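*Asks:* From TrEMBL, here are the annotated features:
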BINDING   161, 162, 163, 164, 213, 214, 215, 216, 217, 218, 219, 220, 221  GTP binding site
COMPBIAS  1-13  compositional bias 'Basic and acidic residues'
DOMAIN    112-272  domain 'CP-type G'
DOMAIN    121-270  domain 'EngC GTPase'
REGION    1-33  region 'Disordered'
Ligand SMILES: Nc1nc2c(ncn2[C@@H]2O[C@H](COP(=O)(O)OP(=O)(O)OP(=O)(O)O)[C@@H](O)[C@H]2O)c(=O)[nH]1
(Lines of atoms letter the chains of each structure in order from A; the text may use other names.)
(Lines give C-alpha, C1' and ligand atoms only; values in the text may rest on other atoms or scores of the structure.)
Protein backbone atom coordinates (compact mmCIF):
# COMPACT_ATOMS: atom_id res chain seq x y z
CA UNK A 1 0.00 0.00 0.00
CA UNK A 2 1.42 3.33 -1.07
CA UNK A 3 1.35 6.12 1.35
CA UNK A 4 -0.67 9.16 0.28
CA UNK A 5 1.46 12.22 -0.12
CA UNK A 6 0.84 15.02 2.22
CA UNK A 7 0.37 18.22 0.20
CA UNK A 8 -0.94 21.78 0.51
CA UNK A 9 -4.59 20.78 0.06
CA UNK A 10 -4.37 18.96 3.36
CA UNK A 11 -3.57 22.14 5.20
CA UNK A 12 -6.71 23.96 6.23
CA UNK A 13 -6.00 27.56 5.68
CA UNK A 14 -7.99 30.49 7.03
CA UNK A 15 -7.08 33.71 5.28
CA UNK A 16 -8.39 35.85 8.12
CA UNK A 17 -7.57 34.18 11.43
CA UNK A 18 -9.91 36.53 13.33
CA UNK A 19 -13.02 35.75 11.38
CA UNK A 20 -14.51 34.04 8.40
CA UNK A 21 -15.28 37.20 6.44
CA UNK A 22 -13.04 40.08 5.50
CA UNK A 23 -13.91 43.10 7.59
CA UNK A 24 -14.85 46.40 6.11
CA UNK A 25 -15.54 49.73 7.66
CA UNK A 26 -17.91 50.56 4.86
CA UNK A 27 -21.56 50.45 5.75
CA UNK A 28 -24.12 49.30 3.21
CA UNK A 29 -26.05 52.21 1.71
CA UNK A 30 -29.52 50.72 2.00
CA UNK A 31 -30.90 53.13 -0.55
CA UNK A 32 -34.19 51.21 -0.54
CA UNK A 33 -34.73 51.65 3.23
CA UNK A 34 -38.17 52.85 4.30
CA UNK A 35 -38.98 55.23 7.15
CA UNK A 36 -40.74 53.78 10.18
CA UNK A 37 -41.81 54.61 13.71
CA UNK A 38 -41.06 52.29 16.63
CA UNK A 39 -44.30 51.74 18.56
CA UNK A 40 -43.17 49.00 20.94
CA UNK A 41 -40.00 47.22 22.03
CA UNK A 42 -40.07 43.75 23.45
CA UNK A 43 -36.88 41.78 24.13
CA UNK A 44 -35.05 42.63 20.92
CA UNK A 45 -38.15 42.60 18.75
CA UNK A 46 -39.44 45.96 17.55
CA UNK A 47 -42.98 46.67 16.43
CA UNK A 48 -42.88 49.34 13.75
CA UNK A 49 -45.27 51.36 11.72
CA UNK A 50 -43.60 51.50 8.30
CA UNK A 51 -44.43 54.51 6.11
CA UNK A 52 -46.60 56.01 8.86
CA UNK A 53 -49.45 58.32 7.87
CA UNK A 54 -49.38 57.14 4.23
CA UNK A 55 -51.77 54.83 2.35
CA UNK A 56 -49.01 52.17 2.43
CA UNK A 57 -48.74 52.30 6.23
CA UNK A 58 -47.98 48.85 7.60
CA UNK A 59 -47.37 47.24 10.98
CA UNK A 60 -44.11 45.29 10.79
CA UNK A 61 -41.99 43.34 13.25
CA UNK A 62 -38.26 43.97 12.97
CA UNK A 63 -34.91 43.35 14.58
CA UNK A 64 -31.96 45.68 14.83
CA UNK A 65 -29.24 45.31 12.19
CA UNK A 66 -25.82 44.49 13.56
CA UNK A 67 -24.35 47.63 12.08
CA UNK A 68 -26.34 49.72 14.60
CA UNK A 69 -24.12 48.27 17.30
CA UNK A 70 -25.14 48.80 20.90
CA UNK A 71 -27.32 51.81 20.21
CA UNK A 72 -30.55 51.36 22.15
CA UNK A 73 -33.69 51.94 20.17
CA UNK A 74 -36.82 52.95 22.03
CA UNK A 75 -40.49 53.60 21.58
CA UNK A 76 -40.98 56.79 19.55
CA UNK A 77 -37.73 56.42 17.61
CA UNK A 78 -37.86 57.19 13.91
CA UNK A 79 -35.84 54.61 12.00
CA UNK A 80 -35.23 53.21 8.53
CA UNK A 81 -35.95 49.62 7.74
CA UNK A 82 -35.08 47.06 5.01
CA UNK A 83 -35.97 43.46 4.23
CA UNK A 84 -39.39 41.91 4.55
CA UNK A 85 -41.72 44.80 5.31
CA UNK A 86 -44.88 42.99 4.24
CA UNK A 87 -45.99 42.56 7.84
CA UNK A 88 -47.05 38.96 7.08
CA UNK A 89 -47.08 36.57 10.05
CA UNK A 90 -43.56 35.37 10.75
CA UNK A 91 -41.90 38.08 8.63
CA UNK A 92 -39.00 39.98 10.11
CA UNK A 93 -37.57 43.24 8.79
CA UNK A 94 -34.25 44.86 9.71
CA UNK A 95 -33.74 48.32 11.21
CA UNK A 96 -30.64 49.80 9.60
CA UNK A 97 -30.68 53.45 10.60
CA UNK A 98 -31.74 55.63 13.49
CA UNK A 99 -32.97 59.11 12.61
CA UNK A 100 -31.76 61.96 14.77
CA UNK A 101 -33.89 62.37 17.89
CA UNK A 102 -35.77 65.59 18.59
CA UNK A 103 -36.21 64.96 22.30
CA UNK A 104 -35.01 62.20 24.57
CA UNK A 105 -36.61 61.23 27.85
CA UNK A 106 -34.01 59.58 30.06
CA UNK A 107 -33.53 58.42 33.58
CA UNK A 108 -30.76 57.06 35.72
CA UNK A 109 -31.58 53.95 37.69
CA UNK A 110 -31.15 56.00 40.84
CA UNK A 111 -29.42 59.24 41.72
CA UNK A 112 -26.11 57.62 42.56
CA UNK A 113 -26.04 55.30 39.55
CA UNK A 114 -24.82 57.24 36.55
CA UNK A 115 -26.01 54.66 34.00
CA UNK A 116 -28.49 56.38 31.77
CA UNK A 117 -31.50 54.68 30.34
CA UNK A 118 -33.36 56.08 27.42
CA UNK A 119 -37.09 55.71 27.88
CA UNK A 120 -38.82 57.37 24.95
CA UNK A 121 -37.67 59.43 21.96
CA UNK A 122 -39.25 62.30 20.04
CA UNK A 123 -42.10 63.00 22.46
CA UNK A 124 -43.39 66.54 22.96
CA UNK A 125 -44.81 66.41 26.45
CA UNK A 126 -44.75 64.36 29.61
CA UNK A 127 -48.16 63.79 31.14
CA UNK A 128 -47.70 63.16 34.84
CA UNK A 129 -50.77 61.24 35.97
CA UNK A 130 -51.32 61.68 39.70
CA UNK A 131 -54.33 60.68 41.79
CA UNK A 132 -55.63 63.30 44.21
CA UNK A 133 -56.29 60.42 46.63
CA UNK A 134 -56.02 56.63 46.70
CA UNK A 135 -53.02 56.64 46.37
CA UNK A 136 -52.08 60.00 47.95
CA UNK A 137 -50.26 62.44 45.65
CA UNK A 138 -46.50 62.67 46.08
CA UNK A 139 -45.23 66.10 45.12
CA UNK A 140 -41.61 65.03 45.23
CA UNK A 141 -42.35 62.47 42.55
CA UNK A 142 -44.18 65.10 40.45
CA UNK A 143 -41.23 67.49 40.79
CA UNK A 144 -38.85 64.82 39.62
CA UNK A 145 -40.99 64.09 36.58
CA UNK A 146 -41.06 67.80 35.75
CA UNK A 147 -37.26 67.93 35.94
CA UNK A 148 -36.96 64.87 33.67
CA UNK A 149 -39.37 66.44 31.16
CA UNK A 150 -37.58 69.79 31.07
CA UNK A 151 -34.22 68.06 30.75
CA UNK A 152 -35.59 66.05 27.81
CA UNK A 153 -36.72 69.22 26.04
CA UNK A 154 -40.37 68.32 26.63
CA UNK A 155 -43.17 70.26 28.27
CA UNK A 156 -45.00 68.92 31.32
CA UNK A 157 -48.72 68.42 31.83
CA UNK A 158 -50.00 67.42 35.23
CA UNK A 159 -53.13 65.27 35.01
CA UNK A 160 -54.85 65.05 38.39
CA UNK A 161 -57.24 62.10 38.54
CA UNK A 162 -59.89 61.08 41.08
CA UNK A 163 -61.11 64.63 41.73
CA UNK A 164 -64.29 62.97 42.99
CA UNK A 165 -62.22 61.94 46.04
CA UNK A 166 -60.25 65.15 46.87
CA UNK A 167 -59.91 68.84 45.98
CA UNK A 168 -57.23 69.69 43.36
CA UNK A 169 -56.85 73.41 44.32
CA UNK A 170 -53.64 73.09 46.33
CA UNK A 171 -51.74 71.11 43.70
CA UNK A 172 -52.98 73.36 40.90
CA UNK A 173 -51.62 76.41 42.76
CA UNK A 174 -48.31 74.67 43.34
CA UNK A 175 -47.59 73.78 39.72
CA UNK A 176 -48.97 76.63 37.66
CA UNK A 177 -46.14 79.08 38.54
CA UNK A 178 -43.52 76.74 37.04
CA UNK A 179 -45.16 76.46 33.64
CA UNK A 180 -46.79 73.11 34.26
CA UNK A 181 -50.28 73.04 32.84
CA UNK A 182 -52.83 71.16 34.90
CA UNK A 183 -55.91 69.16 33.90
CA UNK A 184 -58.30 67.51 36.31
CA UNK A 185 -60.34 64.35 35.74
CA UNK A 186 -62.81 62.43 37.84
CA UNK A 187 -65.34 59.67 37.70
CA UNK A 188 -68.77 59.61 39.17
CA UNK A 189 -69.97 56.56 41.04
CA UNK A 190 -71.52 54.03 38.71
CA UNK A 191 -70.78 56.01 35.54
CA UNK A 192 -68.10 54.52 33.35
CA UNK A 193 -67.14 57.83 31.72
CA UNK A 194 -64.14 59.89 32.76
CA UNK A 195 -65.09 63.53 33.35
CA UNK A 196 -62.62 66.13 32.10
CA UNK A 197 -61.54 63.94 29.20
CA UNK A 198 -62.21 66.59 26.56
CA UNK A 199 -59.81 68.96 28.24
CA UNK A 200 -57.16 66.25 28.42
CA UNK A 201 -57.72 65.56 24.71
CA UNK A 202 -57.31 69.22 23.84
CA UNK A 203 -53.78 69.10 25.30
CA UNK A 204 -52.88 65.99 23.30
CA UNK A 205 -53.97 67.11 19.83
CA UNK A 206 -51.19 66.95 17.25
CA UNK A 207 -48.53 65.98 19.78
CA UNK A 208 -46.78 62.91 21.10
CA UNK A 209 -47.39 62.60 24.84
CA UNK A 210 -45.76 60.21 27.27
CA UNK A 211 -47.92 59.14 30.20
CA UNK A 212 -46.22 58.29 33.48
CA UNK A 213 -47.73 57.56 36.82
CA UNK A 214 -47.57 55.30 39.81
CA UNK A 215 -49.58 52.15 39.94
CA UNK A 216 -53.22 52.70 40.80
CA UNK A 217 -53.45 56.39 39.85
CA UNK A 218 -55.90 55.64 37.04
CA UNK A 219 -53.52 55.84 34.09
CA UNK A 220 -54.93 52.75 32.36
CA UNK A 221 -58.45 54.05 32.88
CA UNK A 222 -57.36 57.27 31.19
CA UNK A 223 -55.57 55.56 28.30
CA UNK A 224 -58.56 53.30 27.65
CA UNK A 225 -60.85 56.32 27.57
CA UNK A 226 -58.53 58.20 25.20
CA UNK A 227 -57.79 55.26 22.91
CA UNK A 228 -60.80 52.94 23.17
CA UNK A 229 -59.14 50.05 21.35
CA UNK A 230 -56.00 50.18 23.51
CA UNK A 231 -57.41 47.80 26.09
CA UNK A 232 -54.80 48.55 28.73
CA UNK A 233 -55.53 46.31 31.68
CA UNK A 234 -56.93 48.21 34.64
CA UNK A 235 -56.02 46.95 38.07
CA UNK A 236 -57.76 47.25 41.38
CA UNK A 237 -56.08 49.29 44.10
CA UNK A 238 -55.03 47.19 47.04
CA UNK A 239 -56.88 48.54 50.06
CA UNK A 240 -53.99 47.73 52.39
CA UNK A 241 -51.02 49.13 50.47
CA UNK A 242 -52.87 51.71 48.37
CA UNK A 243 -51.04 50.33 45.37
CA UNK A 244 -52.59 48.87 42.27
CA UNK A 245 -51.78 45.59 40.64
CA UNK A 246 -49.10 45.81 37.98
CA UNK A 247 -51.38 44.73 35.23
CA UNK A 248 -49.85 46.39 32.17
CA UNK A 249 -46.55 45.41 30.51
CA UNK A 250 -44.16 47.33 28.19
CA UNK A 251 -44.16 50.90 26.82
CA UNK A 252 -46.34 51.28 23.79
CA UNK A 253 -47.25 54.11 21.43
CA UNK A 254 -50.97 54.36 20.75
CA UNK A 255 -52.47 56.58 18.10
CA UNK A 256 -55.36 58.79 19.13
CA UNK A 257 -58.54 57.81 17.26
CA UNK A 258 -58.71 60.82 14.93
CA UNK A 259 -55.04 60.37 13.92
CA UNK A 260 -54.30 63.66 15.68
CA UNK A 261 -51.56 62.63 18.04
CA UNK A 262 -49.94 59.78 19.95
CA UNK A 263 -49.92 58.73 23.56
CA UNK A 264 -47.10 56.56 24.85
CA UNK A 265 -48.03 54.53 27.90
CA UNK A 266 -45.05 53.59 30.07
CA UNK A 267 -46.22 51.07 32.65
CA UNK A 268 -42.74 50.19 33.86
CA UNK A 269 -41.67 53.78 34.59
CA UNK A 270 -42.65 54.86 38.05
CA UNK A 271 -39.80 57.11 39.06
CA UNK A 272 -36.94 59.08 37.60
CA UNK A 273 -33.32 58.89 38.73
CA UNK A 274 -31.90 62.27 37.75
CA UNK A 275 -28.13 61.94 38.10
CA UNK A 276 -27.72 62.81 34.41
CA UNK A 277 -29.51 66.17 34.67
CA UNK A 278 -27.26 69.25 34.54
CA UNK A 279 -28.28 72.34 36.54
CA UNK A 280 -28.11 74.40 33.36
CA UNK A 281 -30.52 72.21 31.43
CA UNK A 282 -33.03 72.53 34.27
CA UNK A 283 -32.51 76.28 34.49
CA UNK A 284 -33.00 76.57 30.73
CA UNK A 285 -36.64 75.56 31.21
CA UNK A 286 -37.08 78.81 33.16
CA UNK A 287 -36.24 81.31 30.41
CA UNK A 288 -36.54 84.44 32.58
CA UNK A 289 -34.38 83.02 35.37
CA UNK A 290 -31.81 81.58 32.98
CA UNK A 291 -31.33 85.00 31.43
CA UNK A 292 -30.64 86.65 34.81
CA UNK A 293 -28.40 83.80 35.97
CA UNK A 294 -26.32 83.75 32.78
CA UNK A 295 -25.80 87.50 32.92
CA UNK A 296 -25.21 88.08 36.60
CA UNK A 297 -24.47 84.96 38.65
CA UNK A 298 -20.88 84.30 39.76
CA UNK A 299 -19.11 81.50 37.91
CA UNK A 300 -19.99 78.05 39.24
CA UNK A 301 -23.10 79.35 41.04
CA UNK A 302 -25.36 76.47 42.05
CA UNK A 303 -28.44 78.77 42.16
CA UNK A 304 -29.54 76.93 45.30
CA UNK A 305 -31.12 78.81 48.21
CA UNK A 306 -27.80 78.82 50.09
CA UNK A 307 -25.62 79.81 47.11
CA UNK A 308 -23.60 82.93 47.96
CA UNK A 309 -24.31 85.96 45.69
CA UNK A 310 -26.83 84.10 43.53
CA UNK A 311 -28.23 86.87 41.31
CA UNK A 312 -31.71 85.37 41.45
CA UNK A 313 -32.15 86.69 45.02
CA UNK A 314 -31.36 90.25 43.96
CA UNK A 315 -33.68 89.88 40.96
CA UNK A 316 -36.58 88.97 43.25
CA UNK A 317 -35.96 92.06 45.40
CA UNK A 318 -35.78 94.29 42.31
CA UNK A 319 -39.43 93.60 41.37
CA UNK A 320 -41.14 96.89 40.41
CA UNK A 321 -44.13 96.28 42.67
CA UNK A 322 -45.21 93.77 45.35
CA UNK A 323 -47.08 91.60 42.81
CA UNK A 324 -44.03 91.26 40.55
CA UNK A 325 -41.81 90.53 43.54
CA UNK A 326 -44.19 87.81 44.75
CA UNK A 327 -44.40 86.25 41.27
CA UNK A 328 -40.63 86.28 40.90
CA UNK A 329 -40.20 84.78 44.33
CA UNK A 330 -42.62 81.96 43.46
CA UNK A 331 -40.67 81.21 40.25
CA UNK A 332 -37.30 81.16 42.00
CA UNK A 333 -38.63 79.07 44.90
CA UNK A 334 -40.16 76.57 42.49
CA UNK A 335 -37.01 76.31 40.43
CA UNK A 336 -35.03 75.72 43.61
CA UNK A 337 -37.53 73.10 44.71
CA UNK A 338 -36.90 71.26 41.44
CA UNK A 339 -33.15 71.62 41.95
CA UNK A 340 -33.57 69.94 45.33
CA UNK A 341 -35.75 67.25 43.81
CA UNK A 342 -32.97 66.58 41.34
CA UNK A 343 -30.50 66.11 44.18
CA UNK A 344 -32.66 64.13 46.58
CA UNK A 345 -34.25 60.73 46.65
CA UNK A 346 -37.90 60.10 45.83
CA UNK A 347 -39.59 60.13 49.22
CA UNK A 348 -43.28 59.71 49.92
N1 LIG B 1 -62.75 57.30 42.35
C2 LIG B 1 -62.09 57.18 41.21
N3 LIG B 1 -61.47 56.02 40.89
C4 LIG B 1 -60.79 55.94 39.73
C5 LIG B 1 -60.71 57.04 38.83
N6 LIG B 1 -59.95 56.66 37.78
C7 LIG B 1 -59.59 55.38 38.02
N8 LIG B 1 -60.10 54.93 39.19
C9 LIG B 1 -59.92 53.59 39.80
O10 LIG B 1 -58.60 53.47 40.28
C11 LIG B 1 -58.14 52.12 40.17
C12 LIG B 1 -56.81 52.07 39.43
O13 LIG B 1 -57.02 52.49 38.08
P14 LIG B 1 -56.10 52.01 36.88
O15 LIG B 1 -56.56 52.73 35.69
O16 LIG B 1 -56.00 50.54 36.83
O17 LIG B 1 -54.70 52.56 37.41
P18 LIG B 1 -53.25 52.47 36.74
O19 LIG B 1 -52.59 53.74 37.10
O20 LIG B 1 -53.33 52.12 35.34
O21 LIG B 1 -52.59 51.32 37.55
P22 LIG B 1 -51.78 50.06 36.99
O23 LIG B 1 -52.71 49.35 36.05
O24 LIG B 1 -51.47 49.28 38.21
O25 LIG B 1 -50.56 50.63 36.31
C26 LIG B 1 -59.26 51.35 39.46
O27 LIG B 1 -60.01 50.67 40.43
C28 LIG B 1 -60.05 52.45 38.80
O29 LIG B 1 -61.41 52.07 38.66
C30 LIG B 1 -61.39 58.27 39.21
O31 LIG B 1 -61.37 59.30 38.50
N32 LIG B 1 -62.05 58.28 40.40
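Using the three backbone atoms N, Cα and C, a Cβ is placed for every residue, glycine included.
Quantities reported herein were computed from a predicted structural model and do not represent experimental measurements.
Surface or core, plus neighbours and distances: that's what I need for these features.
*Replies:* On the 0 to 100 pLDDT scale, the model's mean across the domain 'CP-type G' (112-272) is 83.
The DSSP breakdown of the domain 'EngC GTPase' (121-270) into helical (H, G, I), extended (E, B) and coil residues amounts to 40 helix, 38 strand, 72 coil.
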*Asks:* For the binding-site residues 163, 217, which one has the sparsest Cβ surroundings, going by other Cβ atoms within 10 Å?
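*Replies:* Output over binding-site residues 163, 217: least Cβ neighbours within 10 Å is 163.
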*Asks:* Assuming the binding residues for GTP are exactly those in the record, 161, 162, 163, 164, 213, 214, 215, 216, 217, 218, 219, 220, 221, what is the maximum CA-CA distance in angstrom, rounded?
*Replies:* 19
